[in-house]
Protein chains: 2
Amino acid sequence: MAKSDKINFSTPSGFPEFLPSEKRLEVYLLDIIRKVFESYGFTPIETPAVERLEVLQAKGNQGDNIIYGIDPILPPNRQAEKDKSGETGSEARALKFDQTVPFAAYIARHLNELTFPFARYQMDVVFRGERAKDGRFRQFRQCDIDVVARGKLSLLYDAQMPAIITEIFEAINIGDFVIRINNRKILTGFFQSVGVAENQIKACIGIIDNLEKIGETKVKQELEKEGISSEQTEKIIEFIKIDGSVDDVLDKLKYLGLNLPSAEEFNLGVSELETVINGVRDLGVADKRFCIDLSIARGLNYYTGTVYETSLIGHEALGSICSGGRYEELVGMFLGEKMPGVGISIGLTRLISRLLKAGILNTLPPTPAQVMVVNMQEDLMPVYLKVSQQLRQAGINVVTNFDKKQLGKQFQSADKQGIRFCVIIGADEAAAEKSSLKDLQTGEQIEVALANLAEEIKQRLGIIKSV
Amino acid sequence: MAKSDKINFSTPSGFPEFLPSEKRLEVYLLDIIRKVFESYGFTPIETPAVERLEVLQAKGNQGDNIIYGIDPILPPNRQAEKDKSGETGSEARALKFDQTVPFAAYIARHLNELTFPFARYQMDVVFRGERAKDGRFRQFRQCDIDVVARGKLSLLYDAQMPAIITEIFEAINIGDFVIRINNRKILTGFFQSVGVAENQIKACIGIIDNLEKIGETKVKQELEKEGISSEQTEKIIEFIKIDGSVDDVLDKLKYLGLNLPSAEEFNLGVSELETVINGVRDLGVADKRFCIDLSIARGLNYYTGTVYETSLIGHEALGSICSGGRYEELVGMFLGEKMPGVGISIGLTRLISRLLKAGILNTLPPTPAQVMVVNMQEDLMPVYLKVSQQLRQAGINVVTNFDKKQLGKQFQSADKQGIRFCVIIGADEAAAEKSSLKDLQTGEQIEVALANLAEEIKQRLGIIKSV
């Protein structure tokens, strides 16, 4: 067989590929995330990877993203079809670069088939022509939830988000984290009150959102560059640095609202924030899991109320591991209808890559098999197959070793793959309907009747928690 | 908010999109399939949607497929980067059109990081520029498993495939099916024995593979068009029509092998088939689930031994619902190494679409929620939130109704979404730590102490099996 040695078979730059031990970690995390999403009634959807270009570019939502157009390549023997294939000459299409614009299109496409408030999750991959640098991928998976309404959407949906974030990251067990909550109306309202012009407010919010990244001095400089007076800048900086317990901050905000001029928007934001915080508490989220952080704004302009970021304590440099917020004019864009919504997003591919690199998460064993039935002698194969099936029917993942090798080599191979148990059946054991069970984790080897084998293994798997 | 009314927000032709009730069915089926795959030790991998074009076109494997090249589109404010983005001018890339070529590339890319025999599953979406007609999609999900070895690969891996197919389709519960098994060496050997020239054999196999689709007369005509004599054609037709029980057919083949001239390849195939059949039986697959069908050949030229197709009894027109086989020179293509492998594939998107249309499968309720905690009075919301969390912690999927509506309307909304239970708590119930539990499936309404609510619901969900 000739080697195709002129072919560069590496992945295209920026398109990541997991080894089995990494992919299994992703599957494990996706299962946890999905289970939490579904426990709150979020239902799965998936939109195609490919959309009409005009959809992706609607409302200027391409943003700064390089998106990938798609272009049919006919096989050599079908070149003649070029004009009649229905593929060429058709409208421009491209790969989706986020889940938001396609979700808006999904709602427009199925408006009358969905029940509102519509709570959906989506865990698809998206594509962006990022420069392939550290932690940036051109294809990555995002885990998003949003709930959207026609008309009004209760602020208690906003309160559910921190409960969901908490459950997910507690289940993943990545150490302490804190969800930083704010409300854009408080920021907007405060800026109005100190006299920042309407058309400067969004830019100012964008600047203070970078406080953590660029530091206070830089924020001041940038605000002044925007034309904000140094007096206003001082007030803004003092304001966004308000901290303390959640109740302290709420008290300070309420007190401030009493004295601010034209504080309507501000006070509305404070009242929304208080409702959300009360809901978060009623949902049983521990106080240490959330705080109010007035410097959180989320760069994206579409947020209009509650906003969230999540920091891993001791690893703040990783940035937010789950963010989101409330919006009004996003998912209704194709319908010309205001549809309030609130959502969060976990950039899973990037998160896994960063958590692995930081040693916060470990990969899983490269195989899901928990048991290897070893091959002692070929003529016992019918017994090995039968025992393997009995274990599988009991819910255990099993590989049968079809290749006859030295027993030690078979143990080695199992151990290398992270398979915990070896089942050993020679002629004597087969005759006596017994087996030797070797636990590679403890080194123990015990005799077990075949009738009890599944039970014994399940017990051992249960005692030492396996993932 | 202005409507973007010039935008065509429909999906591009041929790119399917599921409603929640359909997507939930897909998720449910993927879980079943994954569980069976993993119980045999197959491990998940995922290759990027995008590969270098030269990889996809290696060994002429584009076949008849229209594939989608990708082409970066810069946002308006970044046009100046056109030449330095690292995206333009780089090598051609395209979307994968099957899992086979990327799997071969995966093996080449990670050869030294994988343990062989390497058993992997893959459930990614692939892209083909099919004409968008009945049941053909341009993006679809395939569930593939393959096990590949360096050197020799036991025929017992071939025997596992029918066991896996059986477990999956019994779990999905779609009625009776039969796995038709053959071995290409038997066909090739028979053709050699009746004097068909080497260079005509592949074409002949392609023709008889169409027997079920085009009928006997057409097969004869096409064989004769290939230059096969009518005497040879008669022998071939008679041969591929051999039927009976598995043991009958094996006996007939063995007897035939004794008298055929130059029957080496033929007899090797028969012996392989017998080994596989014995393994399938040792794995406990019921006799009614499989048969030998000498007309099964799989069109694809890379198969060299065992081949499988699966027919749904009473719905044969649906075609094969799971197919595959053994190959030698497929996954090693980028390494120039013979790597024997055996695999099967379920074209899930197409299968779901056909089974739904044929009424063999039904969609699931549009939400995973099993319980709605209804809203009797706003001031009891803290109780509703607490009860919702208790149920979630017990593993139940819950929506809390934040909008105050008539009780009947809330029941209606739950019923419409397929939510089975409503939990009703008024002021009196809250004071007494009780609730009324309404089972919308039976119409019953009973009083349950809040402390026992999760248990009661779980029992009811367990009694009437829910999916």
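Note that the numbers count up from 1, one per residue, in the order the chain is shown.
Glycine residues also receive a Cβ, built from the backbone N, Cα and C atoms like all the rest.
Just so it is clear, the model here is predicted, and its values are computed rather than measured.
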L-histidine site partner of B:ASP98, B:GLN99, B:THR100, B:GLN142, B:ASP146, B:ARG298, B:TYR302, B:TYR303 according to TrEMBL, chosen from B:ARG128, B:ARG131, B:ARG281, is B:ARG128
Taking all protein chains shown into account, the Cβ-based neighbour count within 10 Å for B:ARG298 (L-histidine binding site) is 21
Counting Cβ atoms within 10 Å of each Cβ, the densest environment among the binding-site residues B:THR100, B:GLN142 belongs to B:THR100
Excluding its own, the Cβ atoms lying within 10 Å of the Cβ of B:TYR303 (L-histidine binding site) add up to 23
Expressed in angstrom and rounded to a whole number, the L-histidine site built from B:ASP98, B:GLN99, B:THR100, B:ARG128, B:GLN142, B:ASP146, B:ARG298, B:TYR302, B:TYR303 spans a maximum Cα-Cα distance of 22
Here the mean pLDDT of the domain 'Aminoacyl-transfer RNA synthetases class-II family profile' (B:29-365) is 92
